[in-house]
Ligand SMILES: Nc1ncnc2c1ncn2[C@@H]1O[C@H](COP(=O)(O)OP(=O)(O)OP(=O)(O)O)[C@@H](O)[C@H]1O
């Protein structure tokens, strides 16, 4: 009876709440309608302007007419995006208390919170873009505007002026729900004398529980305070953000790009580079910025696609990767570039001039080559004009070897004139031109890399830069390259190609007078021949070297020193946002990478942030991952999981050995998980088992993917199967940290599938996770 009575008493309260919810939704619907009406008005206005302008083409300057066209175009694009792309264009509202409302005064009746209430100074609606009404009052405030910051920053402990924060959910033009947080519970609102519960479950939990697809969603309606502080941090210097898996580092980095564009569009338009570790992460994240209304101004590039015209398509073994990533490669490449010049160089120069045969032998040529390079530092391809001039000098010295030195001023002038005539004659002679071409060829980075495929050659030039064994490993990784270095390269090779580009330089652009790079310093330059200029046109390849105004590095813990140098070359005047998690690093020498980063950042002021809450993994999964974290990076705190699902990770062991042993178990697990979750499922394996795993996933549809451990970086799935954890942990020096990455990809379900090598106990829990 008591239970019945309480149910009975609860009914009117529930009904009242439902009534209130509907009323609030209707209120928000009215506002959204107003917003769309206003947008349509703007569009109509713009169209009118266009028609009008078309009718009276003589009126107005061409510039003004173009501006009108642009206005129409912008308004049209705006409405199109609102209708088609922004599912919840208007997503938030804050109700702010009067700035001077006395604390103890309280608010007598603010139900519902209402702009007409004298205590509510302002109700602000927040959306993906700003919209003004006819009087220039804000109908919607852009989420990036300073006025929107309290939406993200206010907490019950520090509410500021915010009384209530509301998340509005809509589909197309229809409001479908509102979820409120009351920031001042002490001012508990009342409805007809009844206490009003907070409406909804909270937008954050709703979005975290949602099934995942293969593209990342923006988090604009539920950015948390510590994340907002990063997004809105000042642009100057470098903003360094660390945080464990799932703390929103990637999401925050992308929202920061949108924020910077909003804040200073002129400075950042076209000039923000986001560097991502893998092409998979690029395609996973590239939809986020368009959903924030930003398209085209931000370049999101995988680290292996940073050099134009080159796309990394191979993986290096961990041992080779750690050599290629090391700063020691700079020395090796410098020598490789010099050696490539000499590789097929002729050893004698012979020309006929002034009626005699003039020769430069190998020793003389060697000396001239040393003279050309001088103190080093100048890119080799730019030294060709200097090589020509010094060769001509050497030939002239041969030509006048037996003549007495000119005694007086007149004789010296005459000798000088003869020399000029000699230079002009010789430098247009085919034997000389052919020799120069062969002796100082314009090299491409690919060509130089190609020379290193010979382990004898690599070993010969390596000296102390790398050991004999390292030289052998390097050469083996390039064995497949063609004579001119053509063929597939790895992401680590791309950084080496970029370094070589720096060492070689661009062959100079053709022009009437070509400047000697060294002589620039002395104020001298010289005239080139036609043959030389046309040769340069042929040699030049397509090269991009863009500078960016802001560089955002995602998963920065994985960058090698050589990759830092590559990014540094694109960001000499840039400001930085660098996000990463040392505990997830697959690079084995963090100090070396830190030093490389320090060199790139120079003296720029740095501000540091730490993100502490894991929004991806439920507590049950985070707990298993924390066991590996304790081994991988002892002492590193685990981020706090924000939710729990009540479902523990599953452990299963495969006892059979040999090829195919995992197949049945893995496939069965994938099928089971597909039935349990609505979204994506991934199986993560050691890198050398990728082909095998692709077979397990075959035919299971688009929701399933098979990934090597390094490919899983930054991605997330509703459910994951981590197969052969010991295999992942043992595949490289940073293997435990890679396993930590693999274990932290799931938003709902995790299965660990162990083999006999993982030493599973009777419950199937592998030794590493006990
Ligand atoms: N404030 C938020 N509101 C809603 N979802 C969030 C929020 N912050 C993060 N998330 C979600 O949590 C997940 C993890 O975010 P993200 O991938 O940016 O984390 P990360 O720190 O880069 O992780 P990792 O280090 O593992 O790559 C994503 O699905 C993201 O959308």
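Each residue, glycine too, has its Cβ placed from N, Cα and C.
According to TrEMBL, the feature compositional bias 'Low complexity' maps to 1-16. Taken from TrEMBL, the feature region 'Disordered' covers 1-22. Among the features that TrEMBL reports, domain 'UvrD-like helicase ATP-binding' is placed at 222-618. What TrEMBL lists as ATP binding site is 243, 244, 245, 246, 247, 248, 249, 250.
Sequence-distant neighbours of residue 248 (ATP binding site): residues of the same chain at least 6 apart with a C-beta under 8 Å from its C-beta are 219, 224, 227, 611, 613, 615.
For the binding-site residues given as 247, 250, the lowest number of other CB atoms within 10 Å of the residue's CB is seen at 250.
Within 10 Å of the Cβ of residue 249 (ATP binding site) there are 26 other Cβ atoms, across all protein chains. Of all Cβ atoms in the protein chains displayed, 29 besides its own lie within 10 Å of the Cβ of residue 244 (ATP binding site). For the binding-site residues 243, 245, 246, counting C-beta atoms within 10 A of each C-beta gives the highest total at 246.
Listed in sequence order, the residues 581, 611, 614, 615, 616, 639 complete the 8 Å Cβ shell around the ATP site centroid, once 243, 244, 245, 246, 247, 248, 249, 250 themselves are left out.
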